[in-house]
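K.L.:
Dumping what TrEMBL says about this protein:
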- Asp65: active site, proton donor/acceptor (ACT_SITE)
- His12, Lys16, Thr38, Gly39, Thr40, Thr41, Ser59, Gly60, His92: substrate binding site (BINDING)
- 1-131: domain 'MGS-like' (DOMAIN)
Amino acid sequence: MASGLRLALIAHDQKKDDMVAFAAAHAGFLADCDIVATGTTGQRVLEACPQLAIRRLKSGPLGGDQQIGALIAEGSIDAVIFFVDPLTPMPHDVDVKALMRLAIVYDIPMALNLATAEIFVDGKKTAERRI
Ligand SMILES: O=C(CO)COP(=O)(O)O
């Protein structure tokens, strides 16, 4: 069943392999989602899962996080999966913070690591089975 979930995927460089593995493991679930992604994350996921339809935005450091923040503010995103690297300084740290802030302001579910993303997918699948 198509969930129609409007989902944003983002991963910092040290977490992109995790995002690719996550996407491959849940390709069936993701195929039912309307996905946007920051530039390089979207490219990596598409290389691994070419069957997915992903709208790629700018790369994070070039404004991709801000674009996703704007989509949240206009009500076009239902959930964010953002695998954050907490160990590497980023030139666009303020953009990352701004994106997280908007997800909180608009009460958008936001998984910041693999464990939470797995819980999110399991929860959505369970909810869909109940419908
Ligand atoms: O930097 C990012 C998020 O802050 C991710 O951007 P890319 O997917 O383009 O690497």
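Just so it is clear, glycine is given a Cβ too, placed from its N, Cα and C backbone atoms.
The structure displayed is predicted, hence computed values, not measured ones.
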K.L.:
What same-chain residues, at least 6 away in sequence, bring their CB to under 8 Å of the CB of Asp65 (active site, proton donor/acceptor)?
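P.N.:
When sequence neighbours closer than 6 are ignored, Asp65 (active site, proton donor/acceptor) has Ile10, Thr38, His92, Asp95, Val96, Ala98, Leu99 within Cβ distance under 8 Å.
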K.L.:
Using DSSP, how many residues of the domain 'MGS-like' (1-131) fall into helix, strand and coil, respectively?
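P.N.:
Taking each residue of the domain 'MGS-like' (1-131) in turn, the totals are 71 helix, 20 strand, 40 coil.
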K.L.:
Other residues with Cβ within 8 Å of the Cβ centroid of His12, Lys16, Thr38, Gly39, Thr40, Thr41, Ser59, Gly60, His92 at the substrate site?
P.N.:
Ile10, Ala11, Asp13, Pro61, Gly64
K.L.:
Near the Cβ of Ser59 (substrate binding site), how many other Cβ atoms are there if near means within 10 Å?
P.N.:
16
K.L.:
Return the maximum Cα to Cα distance in Å (whole number) over the record's substrate-binding residues: His12, Lys16, Thr38, Gly39, Thr40, Thr41, Ser59, Gly60, His92.
P.N.:
17
